[in-house]
Amino acid sequence: MDFVKQFLYSCDHMGFLALTQETWQNRWFPSQISLTSDVACLQSLNPRDLEFYKFLFSFLAMAEKLVNFNIQALVADFHSHDLEHYYTEQEAMENIHGKVYANILNMFFKNNVGEMQKYAREIVGDEALAAKLHWLHGRVSEAKTRAEKVLVFLLIEGIFFISSFYSIATLRVRGLMNGVCMANDYISRDEWVHTRAAALLFNTLVPDEEKPSPEWIGALFREAVEVEYNFILAKGRGVSHVNVADINRFLEATADRILKSINVGPVYGTQPPPNCPLVYTGCLKNVNFFERESSDYTTAVDNDL
């Protein structure tokens, strides 16, 4: 690469420049999420619910690092100032997510870091989580072309956390954990922006001749949805307000929506459940009457999802 072009910035991708600016305008911080009122809500969770949410937040907290590792590997395959700038911002947002999850875990574990780390080590061996991670590791290892790497990354961003976000959002239906629900709103919206970015990367920087067939892509998405469904089927049994059938419908609808964004036809034709508790694209945005704050971004929002 030409030395000057490598080090002297000039706009080379309007799409990623726009996403970078959107990220700046929609930035939020861990200090904006108050968990003060959420502490008392822990007493309203039965033992099954409490264990489920401890598990989910421990998984999500560790997964943030996984996402950043994949970003660094992915960006190395492309050369674009604006793409690199955008993904630097995305890595920063993933770090914010990690800090918020750490705060939530401190609440669940009563600031006992030793117990938190011991629990995290234990759940890595959980059968449902191990199956999910095994599938992901296999797909990452098998992805040899840039197109395949981007598609796997797209699934990590768009499918890999959906059942967790959906399950956390059901706490709002129960009038519980306003702070946790607000954090979940912010993070799930951020992840949808990240999904859009991965789709933009696939559409604009991966040549058509490198892209797999629509049939191959559709089969990959079916695999991912099945893995995510099996995960929540195994972990969500008996948890209050967690409707696994509705989550599966939402997974299928989300997969179709992502496929459409990369110009591939739907594989399910499923509509999202009408009572979806998530507030980003594809669901109705609602503000619980009992919440102190709206789930909108605190700063001025551009292109609100």
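Along the chain as shown, residues are numbered 1 onward.
Yeah, the Cβs are placed from backbone N, Cα and C, and that goes for glycine too.
Summarising the annotation, Swiss-Prot assigns active site to TYR101 and lists sequence analysis as the type of evidence. Marked as Fe cation 1 binding site by Swiss-Prot on the basis of sequence analysis: GLU64, GLU94, HIS97. According to Swiss-Prot, the feature Fe cation 2 binding site maps to GLU94, GLU157, GLU191, HIS194, an assignment based on sequence analysis. Sequence annotations record features per position, and here Swiss-Prot assigns transmembrane segment to 150-170 based on sequence analysis.
Of all the recorded positions listed here (GLU94, HIS97, TYR101), GLU94 has the Cα closest to the Cα of GLU157 (Fe cation 2 binding site). Neighbour density for GLU191 (Fe cation 2 binding site): within 10 A of its CB lie 23 other CB atoms from the protein chains shown. Sitting within 8 Å of the Cβ centre of GLU94, GLU157, GLU191, HIS194, and not among those site residues for Fe cation 2, are the Cβ atoms of VAL67, GLN90, MET93, ILE156, ASP190, VAL193, THR195. The Cβ of the residue listed as 'active site' lies under 8 Å from the Cβ of PHE57, LEU60, ALA61, GLU64, each of which sits 6+ residues away along the same chain. The Cβ of HIS97 (Fe cation 1 binding site) lies under 8 Å from the Cβ of LEU60, GLU64, ILE187, ASP190, each on the same chain and at least six residues away in sequence.
Each residue contributes its Cα atom, and for HIS194 (Fe cation 2 binding site) and GLU94 (Fe cation 1 binding site) these two points are 10 Å apart. The binding-site residues listed here are GLU64, GLU94, GLU157; among them, GLU157 has the most other Cβ atoms within 10 Å of its own Cβ.
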